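In TrEMBL this protein carries:
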DOMAIN    64-222  domain 'CP-type G'
DOMAIN    73-220  domain 'EngC GTPase'
BINDING   Asn113, Lys114, Cys115, Asp116, Gly164, Pro165, Ser166, Gly167, Val168, Gly169, Lys170, Ser171, Thr172  GTP binding site
BINDING   Cys246, Cys251, His253, Cys259  Zn(2+) binding site
Amino acid sequence: MQQGRIVRGIAGFYYVKLDDGSIVECKARGKFRRDKLSPIVGDNVIVEKIDDEKGVIDSILPRKNELIRPQVSNIDQAILVFALKDPDISLEVLDRVLVLTEYNNIDAVICFNKCDLDVDNKFDYLSKIYSSIGYKVIKTNGKTGEGIEEIKKILKNKTTVFAGPSGVGKSTIFNKVQNKVIMQTGEISKKVSRGKHTTRHAELIDIDDNTYLVDTPGFSLIDLSFIEIEELQNYFREFNEYSSECRFTSCLHFKERDCMIKNKVEEGVISKDRYDNYIKFLTELQQNRRY
Ligand SMILES: Nc1nc2c(ncn2[C@@H]2O[C@H](COP(=O)(O)OP(=O)(O)OP(=O)(O)O)[C@@H](O)[C@H]2O)c(=O)[nH]1
Ligand SMILES: [Zn+2]
């Protein structure tokens, strides 16, 4: 038996990269079907080799996390790409995605791209908000390559997914940090070439020892409706150190009296933009529960 990682899956075949670097084509044992558990790309698995090229997946090691779209497991970090301009940045979308990364136990690195278009110093304002609460923030220019070396360093020994709205430069950056796979850039060519292929599964691209990129951008669904109302606050990391000081232990930091989170927003310690998004998501969840 040998351990490895599923890097690709096609129609019931799994391509497993073994610890010695070789790739074997595997089928999964029948027991997985009975247990209604399917191996997915990203899984760490135990393989019984049949010969040099073929094997059988015998078991799946516990998953650290699992994304639905793209379907892939054991993601260490997400590089969240946003453009400072063109398209304009939506902090609501950024905060939504950050709730998802926190929920999934994925480290988030925020990449503010198109810094050449940053005419009103948005970068300084934004990087202050997000780096002060512990997120790594990188300023990039997909055209000149500024910030690319910093991203490359962060990728080492991790499995990374790129995420972000359309047109922000994800593919441009992706192509600059590795040269194994070329992602199409620019809107028009993409719209034509995509959509014809049926289910396209995510793949892991190994760009270095123990260093993988997911070839498909993540978090296209930023629906938070599955999150429990009381738990939402846990995914706003800067709330954690103060929430125990609220008068009510079950404080949602909304309409309650003597709320330390609201005090900290007033003092300017917690970003008002972030708090407002929290309230927005909270009311959304409360409204959903009513129907
Ligand atoms: N001015 C400027 N343009 C950039 C920069 N990075 C990328 N672009 C341009 O922005 C456009 C969109 O870039 P893509 O890399 O295709 O964006 P994407 O995020 O992959 O887009 P989707 O595939 O729609 O999700 C292209 O025309 C790029 O040339 C940058 O730093 N500055
Ligand atoms: Zn409170």
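Heads up, the Cβ atoms here are built off N, Cα and C, so glycines get one too.
Overlay of TrEMBL annotations on the structure.
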{"residue": "Asn113", "record": "GTP binding site", "DSSP class": "strand"}
{"residue": "Gly164", "record": "GTP binding site", "DSSP class": "coil"}
{"residue": "Lys170", "record": "GTP binding site", "DSSP class": "helix"}
{"residue": "Cys246", "record": "Zn(2+) binding site", "DSSP class": "coil"}
{"residue": "His253", "record": "Zn(2+) binding site", "DSSP class": "coil"}
{"residue": "Cys259", "record": "Zn(2+) binding site", "DSSP class": "coil"}
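Within its own chain, Lys170 (GTP binding site) has Val81, Phe162, Ala163, Gly164, Met183, Pro217 as residues 6 or more apart in sequence whose C-beta sits under 8 angstroms from its own. Listed binding-site residues: Thr172, Cys246, Cys251, His253, Cys259. Those with a CB atom under 6 Å from ligand 1: Thr172. Less than 6 Å separates the Cβ from ligand 2 in the case of Cys251, Cys259, drawn from the binding-site residues Cys115, Ser166, Thr172, Cys251, Cys259 in sequence order. Long-range Cβ contacts of Cys251 (Zn(2+) binding site) within its own chain (separation 6+, distance under 8 Å): Ser243, Cys259, Ile261. Here the CA atom of Cys246 (Zn(2+) binding site) lies 40 Å from the CA atom of Cys115 (GTP binding site). The Zn(2+) site, placed at the center of the C-beta atoms of Cys246, Cys251, His253, Cys259, has further neighbours from the same chain whose C-beta lies within 8 angstroms: Ser243, Arg247, Phe248, Leu252, Phe254, Glu256, Asp258, Met260, Ile261, Lys262. Between Thr172 (GTP binding site) and Cys246 (Zn(2+) binding site), the C-alpha separation comes to 45 Å. Secondary structure counts, DSSP: the domain 'EngC GTPase' (73-220) has 49 helix, 36 strand, 63 coil.
Of all the binding-site residues listed here (Asn113, Ser166, Thr172), it is Ser166 whose C-beta has the fewest other C-beta atoms within 10 angstroms.
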